[in-house]
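Peer 1: Here you go, one structure.
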């Protein structure tokens, strides 16, 4: 296997064709005239923000979403200067000069942001120039997530009156997040929808971008088409919101019929009726093998004791790479075999049982396909008590990303 580093074979392989395919299939489900912002926060959910942003820009998205100003600046410095970038999290007003300089759209939830930002601009040598350029912002509305945002009509009315004092601030949009969007029809979703309608009645007509749709909500048959923008996150990367996993991938021990070729060529539909391809694979190589005898112990705390003669392999990946100790029950794939982890996962290494001797340099797959077997990130998540988002987001920068 050709690796990104000549010193260590562990790497994440990102299939940009899968990203393009997922975007294409999702856009086909959207209503006409809806905007689509690709969510590339958290280094594009571990896939690499710059590479993914460059890819979706070529495919004609309307904007990008990130979580922090630093993430937005990274994209601007990478040459992505022709798309709006919306920071979904709240931002410190003390960085207002850079925010305006890099043409970043921020999220706010109170007028205090502008009070402090005004003071900062007044004290900045080129403050007048920055104010002439102006700031674009979206207002966060709290419809029931209880995370950020205004939650009463009076608060919005007061904000609308106060913002008029800041002529350099352009109020472009308002948004919320539905906490049960991935659960289909849900009484709490209806409650949040009613709250959204109530709050948006207080917005001035000049606020033209009103959005609530994430990957799941964008496909809601009743409400999805009513969001001016869809913020496409997890589905862009070929995963399904929360617990949505293709039915024929439900049991990772019975996946011999589902290899990557069938995924790429035939696709598999989720309960969302959406065709997606996982974009990320995680692979490494055996760096050491040996045979142990009955009674020999493996790993910290001597947590595994061999019952008979076994071949074991050491893999150069551990929890510092994002393959967490909680994944100790996740079996890896090697030469068409399912290989269990032995003992606990170490910081930089882990040990697995081999069915037979395999030489140093043999590829091992942790996420992805191997000779007709497939480890789906969401199944890794299910078996370790978490969600698919966490599996890819946890991959550290120590793991090189290789793009296909």
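Backbone N, Cα and C atoms are what each Cβ position is placed from, and that goes for glycine too.
The feature active site, proton acceptor is assigned by TrEMBL to 41, 300. The feature substrate binding site is assigned by TrEMBL to 147, 347. Residues or ranges marked as domain 'Alanine racemase C-terminal' in TrEMBL: 279-404. Residues or ranges marked as N6-(pyridoxal phosphate)lysine by TrEMBL: 41.
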Peer 1: By Cβ count within 10 Å, point out the most packed of the recorded positions listed: 41, 147.
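Peer 2: Checking each of 41, 147, the winner is 41.
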Peer 1: Between C-alpha atoms, which of these recorded positions comes nearest to residue 300 (active site, proton acceptor): 41, 147, 347?
Peer 2: 347
Peer 1: Tally every other Cβ atom lying within 10 Å of the Cβ atom of residue 300 (active site, proton acceptor).
Peer 2: 10
Peer 1: List the same-chain residues at least 6 positions away in sequence whose Cβ sits under 8 Å from the Cβ of residue 347 (substrate binding site), in sequence order, or say none.
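Peer 2: The answer is 318, 319, 320.
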Peer 1: Find the average pLDDT over the domain 'Alanine racemase C-terminal' (279-404) in the predicted model and report it.
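Peer 2: That region's mean pLDDT is 94.
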Peer 1: Between the Cα atoms of residue 41 (active site, proton acceptor) and residue 147 (substrate binding site), find the distance and write it as a whole number of Å.
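Peer 2: Spelling it out, the Cα of residue 41 (active site, proton acceptor) and the Cα of residue 147 (substrate binding site) are 17 Å apart.
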Peer 1: Can you see whether DSSP assigns residue 300 (active site, proton acceptor) to helix, strand or coil?
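Peer 2: In the DSSP reduction, residue 300 (active site, proton acceptor) maps to helix.
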Peer 1: Work out the three-state DSSP category of residue 41 (active site, proton acceptor).
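Peer 2: Assignment for residue 41 (active site, proton acceptor) reads helix.
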